[in-house]
Amino acid sequence: MANYDEDTAFLGQKGPFFVNLFFLLNAIYISTGLHGLYIVFVGASPSHHCRIADGNLSEEWMTASIPNETVNGKLQPSQCRRYSLETVRELSAQGYSPLEVNLTDITLETCVDGWSYSTEIYHSTIVSEWDLVCDSEWRVPFTTSTLYMGYLLGSLVSGQLSDRFGRKKVLFVSLAAEALVILAQSFSNSWLLFCILYFFVGAFQISLYITAFVLGSEVLSKSLRVLFTTLGAFLHYCIGYMVLPWMAFAVRDWRSLLRVLSGLTVVYIPLWWLIPESPRWLLSQGRVLESEAIVREAAEKNKVSVPEVIFSESQVKENSKFSVLDVLQTRDIRRTTFLCLLLWMAINIGYFGLSLNTTNLSGDPFLNCFLSAVTEVPAYIMSTILLKSCPRRPVLSAFLIIGGGFLLLLQLIPESQHTLALVLEMAGKFGFTMSFTVVYIYTAELYPTVLRNLGMGLCSSAARIGSITAPYIIFLGTFNKYLPYILMGSLTIASSITNMFLPETFGKVLPETLEQMQKCRRRDKHTLEEGKGTVIMKEDKI
């Protein structure tokens, strides 16, 4: 296959075609930010206590029927227990007031009549609707995990589908399907149905994310490609993430919120006629004329002349269909895939582990969510600046060492220094956020066009395993508060070392075929051996 970047160099770097496509693809990422974390509000647990189903009791007795208990050093009304309602009724009927009775002598019972929920912050959530509290509290984190399980399936399937049927079709099918499933989710009549639908939300959402990423990597020019896969995609995700809490603030009923989020997707319908298929993918499928038609349209928009022949028929060979086995075909590709899987898993364990382990901020939950999104912006900007002029391997290793190193330092901080410990945790998360940015573009540059989406899908699957594992690593903190930090920090430091065995991609043309990928690997290996030989010669001279 001819080299695509060389054959299309006449298009330039920043013409209207590339700029328009850059903003259109970024606009899609705003939807992933809106849809990715709505469970924070939909699955929020309002303040609650046992319902006292007796209208004959005085307000004083109804308040006294809920015992106080100490939670995290604070005294508050029990959320899962109440004094025996039968005993309370008898005492009230006998004319006693709560002040005249030793309430601690009354037998406790569970909330057999259900719960009463505060509507001060949330009008309704899935927790208040289906009583996902007390003995059923485990269902809330499980609900969140179904999203990541869907991510796992979507990561595996979407790569193969888009490599077979095209980037554009899978992109828009995923976008439409996600909106429809969210709409269906708003009509859920049970927790189980909500979870099943949430699983498919995750599958379609990650498919949308990965396919848009690969489409941008393949169609955009070199200069805009780096900007898109770093600052563009992640920053626009943050825009959606930052808008979400204000939408949840305005719409505080979970069903209405999901319907609004689903309905907003209609604004993306015109993009079907504005976003083209990937010419690289068409070329890899032997569809030369279709690929040339898109390139000629791009040249017309960029107002540049087009050569008579862009892609020679003799240089293009129709490729066979590829599967997961192809990324394990040779030793070099197996090694690259294994190292990428390890990197993605380690980064996700650290990122989601820190996110789950961060102390809940006091104050307004909507403002807290907004601030949480804002803190990721500096990391994306800094990593984007570095990626424009720095090699991938050392930059990624440095960010991983920052993330893991700060976690390992936490065990040295005195327990009284809560602020310093929080600063170190946030510094660690800052490192992981930057690592996210780098590993996406690095992986996309490592794989050839014929396997790029498939490779990205596999790596994203490893990331999902990491995100599913993270809560269990945090659970180890019940045995030793520093054990999760030691495990996450050690894994991250180890992954920063293994990262150095991957080939460097900075300043190199994206590989189109398996053969080109293997040549890059051998060339990189040969460079390392030459470097070692030079060092040995210098030592001999000394």
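Placement of Cβ uses the backbone N, Cα and C atoms for every residue, glycine included.
Predicted, not measured: the structure shown is a model, and the values here were computed from it.
For the domain 'Major facilitator superfamily (MFS) profile' (88-507), the mean pLDDT of the prediction comes to 82. Positions annotated as domain 'Major facilitator superfamily (MFS) profile' by TrEMBL: 88-507.
Look at TrEMBL and you will find 17-41 (among others) tagged as transmembrane segment.
Taken from TrEMBL, the feature transmembrane segment covers 170-185 (among others). Residues of the same chain lying 6 or more positions beyond the ends of the transmembrane segment (170-185) and with a Cβ under 8 Å from any Cβ of it are 28, 31, 35, 154, 158, 161-162, 194, 197-198, 200-201, 204-205, 207-208, 211-212, 215, 258-259, 261-263, 265, 268, 271-272, 275.
Residues 25, 28-29, 31-32, 35-36, 39, 126, 130, 132, 139, 142-143, 146-151, 153-155, 157-159, 161-162, 167, 170-171, 174-175, 177-178, 181-182, 184-185, 229, 233, 278, 440, 444, 452-453, 456-457, 460, 464 of the same chain sit 6 or more residues outside the transmembrane segment (191-214) yet have a Cβ under 8 Å from a Cβ within it. Taken from TrEMBL, the feature transmembrane segment covers 191-214 (among others).
The transmembrane segment annotation in TrEMBL covers 226-244 (among others). Tertiary neighbourhood of the transmembrane segment (226-244): same-chain residues 22, 25-27, 29-38, 40-41, 212-213, 216-217, 220, 369-370, 373-374, 376-377, 380-381, 383-384, 387-388, 436-438, 440-441, 444, selected by CB-CB distance under 8 Å and a gap of 6+ residues from either end.
Annotated transmembrane segment per TrEMBL: 256-275 (among others), in sequence order.
Sequence annotations record features per position, and here TrEMBL assigns transmembrane segment to 336-353 (among others).
According to TrEMBL, the feature transmembrane segment maps to 365-387 (among others).
The feature transmembrane segment is assigned by TrEMBL to 394-413 (among others).
Under the heading transmembrane segment, TrEMBL lists 419-442 (among others).
What TrEMBL lists as transmembrane segment is 454-476 (among others). Sequence-distant contacts of the transmembrane segment (454-476) (same chain, six or more residues past either end, CB-CB distance under 8 Å): 141, 145, 148-149, 151-152, 155-160, 163, 206, 210, 213-214, 322-324, 326-327, 337, 340-349, 352-353, 356-357, 443-444, 446-447, 483-484, 487-488.
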